Structure formats: structure tokens, C-alpha cells
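For reference, TrEMBL has these:
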BINDING   H35, H37, E120, D231  divalent metal cation 1 binding site
BINDING   H156, H181  divalent metal cation 2 binding site
Amino acid sequence: MRTPGGGVNSCDSNHGMSMANSFHVSDAPGLVDAHCHLQDGFLRHALEPALIRARAAGVRMMCCNGTHEGDWDYVLGLGRSHADICVSLGLHPWYVAERGPGWLARLEELVAGNPVGVGEIGLDNALEERNDAEQEEVFLAQMELAARYGRPVTVHCRKAFGRLADLVGGMQRRPPFMMLHAYAGSHEMVPVFEKLGFHISICASITRTANRKARTACTKVSPERLLVESDSPAIAPVGVDFERNEPAYLPMVVEVLAELRGERPEGVAAQTAANARAFFGCCESGGALT
């Protein structure tokens, strides 16, 4: 989940990507979208057609993240009603100031009673109006919850990568699986986070040729730590309206990622799907991650 943008991505129109010329995953295990928000934006009101397009594009599983108390029940319902949607629930740093007095108890109730991960949570120092101490308190409380229940955690981070590494490094017990989604840190920090136990998830920001930071960092991720995501409905690939992203565009991310890493798209698809199945293994929502 990122700061909303608008309009069509035109800065890299020379890349020439489209749904038509992206590779298509036709063989199992297909693709796993490690992070999306199917409850947000246009997807909330046009979900079923988007799911049909995703399945047709070879996306076998979508991992939907709640971000605040107001969407947890809805997101949980998506997982219960769709075998190919797994769920994580959490309080995003954007909504820390809006939390209710019983937010953590409610989250624990949902985590304890359902096969869900914890997320999207994290730190965001790019916010102009924020309380860093509250952000960190809320983040650590959710990390400890995930560790206590043995659940995977999905982490958002902007302009706070050093602090994030320090906080996680200082934890006595960490969650069994941790993901930095839509990774926007430096390539130098990749091994630091891998040593802490993080997976690194890559989104469509790498389709922008001007984004050298993201395009370099994605080449440094160890194969066994690599994930891919749409982060839909935001961060669409080049040539797609920024706020009209959807899981069906995930093959475009895989294609560019494979090119940058000097690998075959089919290999990246298989590796990231296997990694995601292991990562979200306890969060199956009525269907296996196959």
C-alpha cells in the first residue's frame, strides 16, 4: 500500500509493456500475488471480474491485507468466500492515529480464531503528520502478536529501513515469516533484512526504468527470499492507470523481474510461488496453496 497517485504512468512509456505481450503462466503452480488490497478502490465494487482476469492470467492465489479496524471483517469475509484468497489483518501506520481503545484485543481475537497472517503493519516516516513513538508501539505490538501465534507478517516501510532493522533485531522472539512488501529500500539493506529473516516482495515499481534503486535492489534478493506482488489497486505497471492496478497484471512484474535478474520468467514464477506457499502455509482459506 502506497501513497495514492493519479493518472497514467507516462514516465516510462518507452518500455512498451501490455497485457498482450506479457508472458502468461500456463503451468502449475502459476503465480501467487503476495500482497494486494482487494477491498480498496475500484476492486471493491468490481471484484469478481478482476478475479476472473487474475485466474486467466495464471494467478493462483492472492494474499489480501486489511489495514484498519474498519476493513478487517470485510477482508476476512473475502478469504472465507474465495478459496484463492488468503488473508492478513493488521493496523497500517497510516491509521495509527485512528485506532480505537480495543484495537489490539480485537485483532488478537481475529488472529486467534482464524487462519490469517498479520499485516499490513509497519513504519512510515514519509508521513508529514505522524507520531513515531506511537507507530513503533503499534508495530511492535503486532509483531509480538504474530510471533505469539506463529503467523506470517507483512511489513510496510518507507524512509525507516534502518529503524525497522533495529527494532526487529532487538526482538527476543520474531514471527516465523516476515515480508517487506513493495520493497523500496536500498540494495545494501537487502542482506541485512534477509539476515533478520525477511522475505522481500517486489512490485511494479521495477517496471519504471527511472527507478534504478528498486531495479537494482530486486537483483540482490536471494531466490529463496523472493516474492512478487501487485499491491493492487495501487502501483500499477507502466502504461496502466496508477490506481487501476489488479492482480491480473502480476505477470508484467514477473517479466521485468526475470529480465533484470537474468532469469527465465517461468523460473521466477515457480520460485516465487513456492516461496509464497511456504510463507502463507498457515493462512489457507478453504483451498490449498497449489
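Sequential numbering from 1, following the chain as shown.
Cβ from N, Cα, C; glycine included.
Positions of TrEMBL features highlighted on the structure.
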residue: H35; record: divalent metal cation 1 binding site; DSSP (3 states): strand
residue: E120; record: divalent metal cation 1 binding site; DSSP (3 states): strand
residue: H156; record: divalent metal cation 2 binding site; DSSP (3 states): strand
residue: H181; record: divalent metal cation 2 binding site; DSSP (3 states): coil
residue: D231; record: divalent metal cation 1 binding site; DSSP (3 states): coil
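Sorted by the number of other CB atoms within 10 A, the binding-site residues H35, H37, H156, H181 start with H37, the lowest. When the CA atoms are compared, the binding-site residues lying within 10 A of H181 (divalent metal cation 2 binding site) are H35, E120, D231, out of the candidates H35, H37, E120, D231. Figure note: comparing Cβ neighbours within 10 Å for the binding-site residues E120, D231, the maximum is reached by E120.
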